[in-house]
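Peer 1: Dropping the structure in here first, questions after.
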């Protein structure tokens, strides 16, 4: 299941670190993905879910930008605290020459709470993608071997093998992979397998204007993510947390992981996903026990009730 | 778009985005940590949308397959027992019904594929990590055995081959009947996976109910003593197994009690009760009563499979059943959400 010993030719495992704290919701990733991978259109509807009219990942949506509107202040903003000790005139005198890092008020600073105690809206944006799990349920349960792990550690469907049994669909704890209507086969993000082979980064990462989507060797991304979380927490964002970065989690860690500013379920992600194949030995044991009980029950019934009258 | 360039005047094209700070770090993180405690049955979701993808399986094909597979598998075991204890007419009837059921169920499976023409790809690999692969190989072994057993019983040709095939089908049949429980349980669907230890047991019992029903329906009255016993045992076991399934599924047991799956399960219980009562009290005396009891038991088994199928679908549609058990699990395992730093 995992890649073989590093031989020198083996490329390092690569993936995405999606830092949602700098996502601006431009959806360039969605567009670039569709364009590059020739993913067909899958409905032009208005969902009423903030600016999110993509709705969810699916057979024809391999990047999905979630928009969450909350009436919570952004971390570090102190609209609720007294500023009596702050000399506003001195700040004003510094004018526009104030370096951004030192400016007390920026366009994103919320105003004071209204009379009924509401603060300004906070807007979370996050670009979701296939997690390319270390222990991938879709790959485990695929009966045809259509799903496989590439030399880059990503999980890809071979479209010429997939027979559309649909078993990978409910197996995925993130609800990523799906059968395409009218086609029948299962589709999902390939981590731009064709681009990786040519030494290019995936289309979404390439197009991301804020580097919210970062592509690279997984080890390096994890280090970078740790530093970023520490930086944000230091800066007064205690809710910043990594999601899918821990190799000891229920799916062995994701090849794509995220920096989130709220609980995962707020973004539509499962809080504690687990690959169900971990429980498969137990299930097989119970199935065997049930089968033997069935045989035993039938035999017993013939012994007890089978006497000729 | 993101590459920085080194020019004569220093770095150009550097994006500060990656390091962007919130509120410009004014309060040095000294602000008290606000941790929202999630109370009991509350949960958050993204606009109420499901976390999981609902399988696109058709109920008729997949729940129907599970019922027919159970009927065939347990029927083969019952047929072998009937043959070994000198009940040839029941044995023959069950062998024929098993062949019919397994043929129909295989057709349903192929029909449910997105690319039916590629159904042979199922036998391209053998993967113990995939219950569907294991099931395909089971069917590939069981189907021909059931076919040979039925053909030999119907024509009277090759009796030794027929007996061998009967025994082989009886050995593989119970596995065909129970592996479907694993097939469902090895998914992220809460109502199936949360009960992954229990699910094969009601499936085995439900298969036995169906097979006993078929024996009562198709076998002669003078041979139906054991079938009546199996019916009573199976119906009792099914009730117990379903109860333990509902207990262990926790929050994910709710879909089994409400809506369509709830109604189906209630129907299944009532039918099983009626069928068992008819089988034990009347089927020994009256051929018509035996047939009616048998048909009732078959219907009970089918209703159970459809109930389990629909409960899973309902649980996948509602984010509550995905988020809540996981949240509770996290809390039980140490409280703090996975805020690794």
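Including glycine, each Cβ sits where the backbone N, Cα and C put it.
Sharing the features that TrEMBL gives for it:
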DOMAIN    A:14-43  domain '4Fe-4S ferredoxin-type'
BINDING   A:23, A:26, A:29, A:208  [4Fe-4S] cluster 1 binding site
BINDING   A:33, A:189, A:192, A:204  [4Fe-4S] cluster 2 binding site
DOMAIN    A:121-152  domain '4Fe-4S ferredoxin-type'
BINDING   A:142, A:162, A:165, A:168  [4Fe-4S] cluster 4 binding site
DOMAIN    A:153-182  domain '4Fe-4S ferredoxin-type'
Peer 1: Relative to the Cβ of residue A:192 ([4Fe-4S] cluster 2 binding site), which residues of the same chain, six or more apart in sequence, are found under 8 Å away?
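Peer 2: Same-chain residues close to residue A:192 ([4Fe-4S] cluster 2 binding site) (Cβ under 8 Å, separated by 6 or more) are A:36, A:37, A:200, A:201, A:202, A:203, A:204.
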Peer 1: Out of these binding-site residues, A:23, A:142, A:165, which one has the fewest other C-beta atoms within 10 Å of its own C-beta?
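Peer 2: Each of the binding-site residues A:23, A:142, A:165 was scored; lowest Cβ tally within 10 Å is A:23.
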Peer 1: Closest of the binding-site residues to residue A:26 ([4Fe-4S] cluster 1 binding site), Cα to Cα, picking from A:33, A:165, A:168, A:189?
Peer 2: A:33
Peer 1: Given the binding-site residues A:26, A:162, A:168, which one's Cβ is surrounded by the fewest other Cβ atoms within 10 Å?
Peer 2: A:26
Peer 1: So what pLDDT does the domain '4Fe-4S ferredoxin-type' (A:121-152) average out to?
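Peer 2: Per the prediction, mean pLDDT sits at 95 for the domain '4Fe-4S ferredoxin-type' (A:121-152).
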Peer 1: What subset of the binding-site residues A:23, A:142, A:204 has a Cβ positioned less than 8 Å from a Cβ of chain B?
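Peer 2: Only A:142 pass the 8 Å Cβ test.
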Peer 1: Distance between residue A:142 ([4Fe-4S] cluster 4 binding site) and residue A:189 ([4Fe-4S] cluster 2 binding site) at the Cα atoms, whole Å?
Peer 2: 16
Peer 1: Which residues, same chain and not among A:33, A:189, A:192, A:204, have a CB within 8 angstroms of the centroid of the CB atoms at the recorded [4Fe-4S] cluster 2 site?
Peer 2: A:29, A:32, A:36, A:37, A:62, A:63, A:129, A:190, A:191, A:202, A:203, A:205
Peer 1: Using DSSP, how many residues in the domain '4Fe-4S ferredoxin-type' (A:153-182) fall into helix, strand and coil?
Peer 2: 4 helix, 5 strand, 21 coil
Peer 1: Within the domain '4Fe-4S ferredoxin-type' (A:121-152), count helix residues (DSSP H, G, I), strand residues (E, B) and coil residues, in that order.
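Peer 2: Taking the domain '4Fe-4S ferredoxin-type' (A:121-152) as a whole: 5 helix, 11 strand, 16 coil.
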Peer 1: Would you count the other CB atoms within 10 A of the CB of residue A:33 ([4Fe-4S] cluster 2 binding site), including those on all shown protein chains?
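Peer 2: There are 24 of them.
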Peer 1: Please work out the number of neighbouring Cβ atoms within 10 Å of the Cβ of residue A:204 ([4Fe-4S] cluster 2 binding site), leaving out its own Cβ.
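Peer 2: Result for residue A:204 ([4Fe-4S] cluster 2 binding site): 28 other Cβ atoms within 10 Å.
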Peer 1: When you average the Cβ positions of A:142, A:162, A:165, A:168 for the [4Fe-4S] cluster 4 site, which other residues in that chain have a Cβ within 8 Å of that mean position?
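Peer 2: Going along the sequence, the neighbours come out as A:138, A:141, A:143, A:144, A:146, A:147, A:157, A:163, A:164, A:166, A:167, A:186.
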